[in-house]
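Taken verbatim from Swiss-Prot:
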- His84, His86, His254, Asp328: Zn(2+) binding site (BINDING)
- His84, His86, His254, Asp328: Fe(3+) binding site (BINDING)
- Arg93, Tyr156, His189, Glu257, Ser333: 4-imidazolone-5-propanoate binding site (BINDING)
- Tyr156, Asn330, Gly332: N-formimidoyl-L-glutamate binding site (BINDING)
Amino acid sequence: MRPLFVRRARQLVTLAGSSAAPLVKEKMSDLGIIENGSVWIENGTIVAVGPDDELVRRFADRLAEAEVIDAKGKTVTPGLIDPHTHLVYAGSREHEWTMRLHGATYMEIMNAGGGIHATTKATREASEEALYEESKRRLDQFLLHGVTTVEAKSGYGLSLEHEIKQLEIAKRLHDTHPVDIVSTFLGAHAVPPEWKHDPDEYVRLVIDEMIPEVSRRGLAEFNDVFCERGVFTPDQARRMLEAGKASGLTPKIHADEIEPYGGAELAAEVGAISADHLLRASDEGIRRMADGGVIGVLLPGTAFFLMTKAADARRLIDAGVPVALATDCNPGSSPTVSLPLVMSLACLHMGMTPAEAMAAATINAAHAIGRAHLVGSLEPGKKADLVIFNVPNYMQIMYYYGVNHAETVIKGGKVVVNDGKVYI
Ligand SMILES: O=C(O)CC1=NCN=C1
Ligand SMILES: [Zn+2]
C-alpha cells in the first residue's frame with residue numbers, strides 16, 4: 001500500500017496529547033492546531049504529524065511513491081466520533097412528531113403505546129436484511145458527515161431473540177462497513193407491552209437471561225439503562241447495571257433526560273464510563289460525576305427536537321466533568337446523523353465554545369466508548385481516520401451551520417468519501 005500524504009491543511013486539528021484521559025475544563029480548548037499542517041500515513045496508521053515543511057524534509061526520498069491529497073486552504077480534523085446512537089432500528093415516527101408539535105409529550109406518546117414501543121414493533125417485524133439495509137443507509141450518511149466511529153445500542157428488540165438480532169446486525173455492519181461500530185446492550189430501554197403487567201419480571205429476564213447471553217456471545221462492550229420516571233427506577237437500573245458489570249459489560253446510563261431522577265448519582269455510584277442526556281441532572285449528581293471521572297455525553301439535538309431546554313454544558317465543564325457530544329440518532333427524539341449540526345447546537349444552546357465542541361466530538365467521544373487509545377486525535381501510532389472539511393478553520397464547521405462541510409473522509413488510511421460521495 002502506498003503511503004498517503006495529506007498536506008498543507010490551513011488548520012490541522014490534532015488534539016495531540018489527549019489519549020491518556022478525557023479532556024476537562026480549560027483543557028477541552030487545547031486542540032493542538034498546526035497551521036499549514038500535514039499527516040504522513042502508512043498501512044492505515046498515522047506515522048507523522050507536523051508542519052508541512054518538516055514532513056517534506058523527513059520523507060523527501062519517499063514523496064514520489066506517496067499518494068498526495070492537497071488540503072491547502074482547508075481544515076483537517078480527526079474522524080468525528082458519535083458515542084451515543086440507536087443506529088439499528090426499523091420504521092420512523094414522523095406521525096408522533098406532528099403529535100408533539102401539537103402539544104403531546106414524549107412520555108404521553110410512549111405511555112399510549114407509541115414511542116419506543118412503536119419502533120420495537122417495527123424492528124421485531126423487520127427481516128434481518130431489511131434492518132441491515134436501513135441501518136447501513138444511516139451509517140453511509142454518518143460517514144458522509146465525517147463520522148468514522150459510532151456507538152450503536154440495541155434496545156428496540158426487548159426480548160432475548162430480538163435484542164440479539166439487533167446486536168448481530170451491528171456486528172455485521174462493523175465487519176462490512178468502513179465506519180467502526182462499538183456496541184451497547186440496551187435491553188433496559190423500556191418494559192415491553194407483554195411485560196407491562198410485571199415490570200420486575202422483565203428486569204429479571206434482562207439480568208438472568210439477556211445480559212449473560214449477550215456477554216457470552218461477545219456482542220456488546222457496554223450495558224445501558226434508560227433510568228427515568230415511568231421507565232426504570234434507580235433501584236431497577238442499579239441491579240441491571242451491576243449485573244452487566246458481573247458479566248464484563250461496562251455501565252452507561254440514559255440519565256436525568258426528562259426530570260431529575262438520580263441518574264447522574266447512580267452513574268458515579270456504579271462507576272459508569274458515561275452518563276448521557278443530563279438535561280435535568282442535579283448539582284450533587286454532577287459533583288459526583290466529576291469526582292468519579294464519569295464522562296457526560298450531551299445530546300443537544302435531542303433537546304432541540306423535543307423542544308426542551310438543553311443540558312447546561314457550562315455547569316458540567318466548570319464542575320470538571322469531561323463532556324462529549326453525540327447525535328442520539330433515533331426515530332423518536334433525535335432523527336439525525338449530523339454530528340456537525342449537534343456541534344453547532346452545543347454552541348448555540350449549551351454555551352460550549354467551538355473548541356470545546358470539537359474536543360467533545362472527537363477525543364472525549366472516543367474516551368466515552370473506550371477507544372481513545374485508537375482514534376479521536378491525530379498522533380503517530382493512531383488509526384488514520386481523518387476528515388478534510390472544505391472550510392478555512394474548524395470554527396466554520398459549526399458556525400456555517402446546517403451544511404455538510406465534510407469533503408473527504410479517510411478511514412484507516414483509505415479514502416472512503418470524496419466530493420461528498422461514498423466509495424466503499
Ligand atoms: O425514543 C426513542 O426511540 C429513543 C429514546 N430513548 C430514550 N429517549 C429517547
Ligand atoms: Zn439514547
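Placed from the backbone N, Cα and C atoms, the Cβ positions cover glycine too.
Sequence features, as recorded in Swiss-Prot, placed on the structure.
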{"residue": "His86", "record": "Zn(2+) binding site", "Cβ contacts under 8 Å, 6 or more apart": "Ala152, Lys153, Gly155, Tyr156, Leu186, Asp328, Cys329, Asn330, Pro331"}
{"residue": "Arg93", "record": "4-imidazolone-5-propanoate binding site", "Cβ contacts under 8 Å, 6 or more apart": "Gly114, Gly115, Ala118, Thr119, Pro331, Gly332, Pro335"}
{"residue": "His189", "record": "4-imidazolone-5-propanoate binding site", "Cβ contacts under 8 Å, 6 or more apart": "Ile116, Lys153, Ser154, Gly155, Tyr156, Leu158, Asp224, Phe226"}
{"residue": "His254", "record": "Zn(2+) binding site", "Cβ contacts under 8 Å, 6 or more apart": "Asp224, Val225, Phe226, Cys227, Glu228, Gly263, Asp276, His277"}
{"residue": "Glu257", "record": "4-imidazolone-5-propanoate binding site", "Cβ contacts under 8 Å, 6 or more apart": "Phe226, Glu228, Gly263, His277, Leu278, Leu279, Arg280, Thr302"}
{"residue": "Ser333", "record": "4-imidazolone-5-propanoate binding site", "Cβ contacts under 8 Å, 6 or more apart": "Tyr106, Thr302, Phe305, Leu306"}
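Proximity to ligand 1 (Cβ under 6 Å from any of its atoms) holds for none of the binding-site residues His84, Arg93, Asp328. Highlighted here would be the binding-site residues (Arg93, Tyr156, His189, Glu257, Gly332, Ser333) whose C-beta falls below 6 Å from ligand 2, but none qualifies.
Sequence-distant neighbours of His84 (Zn(2+) binding site) (same chain, 6+ residues apart, CB-CB distance under 8 A): Glu151, Lys153, Ser274, Asp276, Val297, Leu299, Ala326, Thr327, Asp328, Ala368. For the N-formimidoyl-L-glutamate site, whose binding residues are given in the record as Tyr156, Asn330, Gly332, the maximum C-alpha distance rounds to 12 Å. In the three-state DSSP scheme, Ser333 (4-imidazolone-5-propanoate binding site) falls into the coil class. Taking the mean position of the Cβ atoms of Tyr156, Asn330, Gly332 as the N-formimidoyl-L-glutamate site, the remaining same-chain residues with a Cβ inside 8 Å of that point are His86, Tyr89, Arg93, Gly115, Ile116, Thr119, Gly155, Pro331, Ser333. Residue density at Asp328 (Zn(2+) binding site): 28 other Cβ atoms are found within 10 A of its Cβ, drawing on all protein chains shown.
The Zn(2+) site is defined by His84, His86, His254, Asp328, and by the 8 Å test on Cβ atoms against their centroid, the other residues of the chain that qualify are Thr85, Lys153, Asp276, His277, Leu299, Thr302, Ala326, Cys329, Asn330, Ser334.
Look at His86 (Zn(2+) binding site): DSSP puts it in coil.
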